[in-house]
């Protein structure tokens, strides 16, 4: 436990994900390995896309942005969690808590829209191949990317600012391993009904609308793939789209479980495990899914390794 000198009355207390048992120490080591792998994998993906001219396409440009978001996401959560665990501390300042909320919502919200943009890219590539370079121009890719970042940042700024304006006159203990908006709303000693309604509206805009666009895109893709005469073309299309859908299912399923439930429900160990899934595990799975199942990425990696001294 931390001593009183390590914290102030204004600080929040994070109960964390692990206790100091042998089993949890092992799990903590696994999380550090996953964190390191995630940083290395996403960094490698970005470098490959930047260095190989054959990967300078809209799909890989969007994928590089996904890798950047995943790198920033794990860097927002894991270092503070690891420092608290290793130093037997649990406190986080209001500024640090607000920063985590802002950065997490910016990156998670931006990723929601970016995944929708990636599904549109696959729809155009498979259903409108002759018009691909017109419908997915470099200018449009930049606009889609900037829009994803800006919409996520706007959501993060509004929610972080509003949450920190609430009074916390009772407990400041957060049953979580990082500052997440729903966990802090439960601690506020003020009427949060209006803000909770606002959060639901944000969830509809940031989660359900992009998810609907994704499902619509892949429904049209499925119809187009089933009409293809070439088995090789069908196989390639299914391989590419299945990897995208895997990412979408993992990310959206976990994050909707946390953000689309009534805030009156008390958080428990299950909530922390689900949050760990989209903050720790999904960022490391993305580069693995896109590299293992992508021949172009594997070819770019082989060529880079061959050129290395």
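Just so it is clear, glycine is given a Cβ too, placed from its N, Cα and C backbone atoms.
Copied from TrEMBL, the annotated features are:
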type: DOMAIN; residues: 41-290; note: domain 'G-protein coupled receptors family 1 profile'
type: TRANSMEM; residues: 26-48; note: transmembrane segment
type: TRANSMEM; residues: 60-81; note: transmembrane segment
type: TRANSMEM; residues: 101-120; note: transmembrane segment
type: TRANSMEM; residues: 140-158; note: transmembrane segment
type: TRANSMEM; residues: 197-225; note: transmembrane segment
type: TRANSMEM; residues: 237-261; note: transmembrane segment
type: TRANSMEM; residues: 273-292; note: transmembrane segment
Proximity of the transmembrane segment (101-120) to the transmembrane segment (26-48), 3+ C-beta pairs under 8 angstroms | no
Who are the chain neighbours of the transmembrane segment (26-48) in space, where the CB to CB distance is under 8 Å and they lie at least 6 residues beyond its ends?
-> 17-18, 55, 63-64, 67-68, 70-71, 74-75, 78, 81-82, 85, 276, 280-281, 283-284, 286-288, 290-291, 297, 300-301, 304
Please check if the transmembrane segment (60-81) comes into contact with the transmembrane segment (273-292), where contact means 3 or more CB pairs closer than 8 Å and the residues in each pair are separated by 6 or more positions.
-> yes
Candidates 140-158, 197-225, 237-261; stretch with most C-beta pairs under 8 Å toward the transmembrane segment (273-292) | 237-261
If you average pLDDT over the domain 'G-protein coupled receptors family 1 profile' (41-290), what do you get?
-> 87
